[in-house]
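Enquirer: Take this structure, written in structure tokens, and hold onto it; I'll ask about it next.
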Amino acid sequence: MTLPVNPVDNLAALIRCPSVTPAEGGALTALEKMLKLMGFSANRPVFSDDNTPDIENLYARKSGNGPHLMFAGHTDVVPPGDEKDWKHPPFAAAIEDGVMYGRGAVDMKGGIACFVAAVARHIEKHGNIKGSISFLITGDEEGPAVNGTVKLLEWAKQRGESWDASIVGEPTNPNALGDMIKIGRRGSLSGTITVHGVQGHAAYPHLAENPVRGIVTLVDSLLYPAFDEGTANFQASNLEVTTIDVGNKATNVIPNKATASFNIRFNDTWTAESLQAEIISRLERAARDNRLRQGRETPIKYELTWRERPSHVFLTHDEKLIGTLTASVEAVTGKRPELSTSGGTSDARFIKDYCPVVEFGLTGQTMHMVDERVALADLEGLTQIYERFIADFFG
């Protein structure tokens, strides 16, 4: 029996599966085959929810006496766009000059391929693991993230599963392998403000009520002053206005409604609830401030709706997990990785409610891009890091 010790072969098998969210595309089947060669038991639960596609997931475990390490990630990928723009077909796993091309090469089929290879090498060298390893893999990370990791964790918990630590194999390194380990993530909160006015002719503003004035005033209250100046482990919270729309194509008509959407990435100064309260307070003050209403006699009439479920800020403090991974990275790459909380959200935001979690994978320079690719040397390097980590974690 040949174990899946080669990360290049593993990744090629996964890339050749066109698993664009929500399609499984054969990727979980390919992964399950690799894991069963190593004695893992596997389950493939499918989760559903209103107004979202059904999603197939995978949970596989190889049990032993000792701590339980979870590797988490996703096999779904974003669409490749126009395939004619690619140097090589996005699902061909073509190799040229020591580089493999393909959608998901770094985000994040590459990380999965390397961890599989690392486990296989450990088993080949040492026999059974002194503990348990599980793979918690979803097909719903790049999509709504409703029928994926969040439900798979609860499904596993209900069946008696618990974990001592987790690694998420997202591409964490900005420039080179070994740059960065993610030990936490900022929270994320999104909302939409709608201001109602009275439609009218632009030449007769006294007969209308322009909602654009109101939306500008309210948005400005969220941009200034800054929410905070950052903390010891997190950069300053940052709000970005992502859309402003009046739905009006005529230049001589005052619209009757204006909307603005925003997203704020926030640090551990705030909880989602305290930040929502701060935003509401700012909007209320601005809506009622005579100095800001530009002659309006009544407060600005607006509605605030929260979009999506907020992601909560978190920071991992587990010294064994962080220290062991840091030492493994340094031993293989020769450099000490930065411990960071930068970047966007990931499924680690769900895992942190079950066990300590960190993120470490390949470099992210080409993720979601045309010609997404990974150096074969990086696949070998990451496999060696994971293999060393597994050996040291289980001692």
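Each residue, glycine too, has its Cβ placed from N, Cα and C.
Annotation comment: Swiss-Prot describes Asp76 as active site, evidence class sequence analysis. Annotation source Swiss-Prot lists active site, proton acceptor at Glu141, citing sequence analysis. Summarising the annotation, Swiss-Prot assigns Zn(2+) 1 binding site to His74, Asp107, Glu170. Taken from Swiss-Prot, the feature Zn(2+) 2 binding site applies to Asp107, Glu142, His368.
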Enquirer: With every protein chain in view, how many other Cβ atoms are within 10 Å of the Cβ of the residue listed as 'active site, proton acceptor'?
Expert: 25
Enquirer: Using the structure shown, find which entry in Asp76, Asp107, Glu142, Glu170 (the recorded positions) has the sparsest Cβ neighbourhood within 10 Å.
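Expert: Per-residue Cβ counts within 10 Å for the recorded positions Asp76, Asp107, Glu142, Glu170 bottom out at Glu142.
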Enquirer: In Å, rounded, how far does the Cα of Glu170 (Zn(2+) 1 binding site) sit from the Cα of Glu141 (active site, proton acceptor)?
Expert: 11
Enquirer: Measure the Cβ-based neighbour count of His74 (Zn(2+) 1 binding site), defined as the other Cβ atoms within 10 Å of its Cβ.
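Expert: By my count, 31.
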Enquirer: How big is the gap, in Å, between the Cα of His368 (Zn(2+) 2 binding site) and that of Asp107 (Zn(2+) 1 binding site), rounded to a whole number?
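Expert: With the alpha carbons as reference points, the distance is 8 Å.
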Enquirer: Compute the centroid of the Cβ atoms of His74, Asp107, Glu170, then list the same-chain residues not in that set whose Cβ lies within 8 Å of it, in sequence order, for the Zn(2+) 1 site.
Expert: Gly73, Met108, Gly111, Glu141, Glu142, Val168, Gly169, Pro171, Ser346, Gly361, Met367
Enquirer: Please work out the number of neighbouring Cβ atoms within 10 Å of the Cβ of His368 (Zn(2+) 2 binding site), leaving out its own Cβ.
Expert: 15
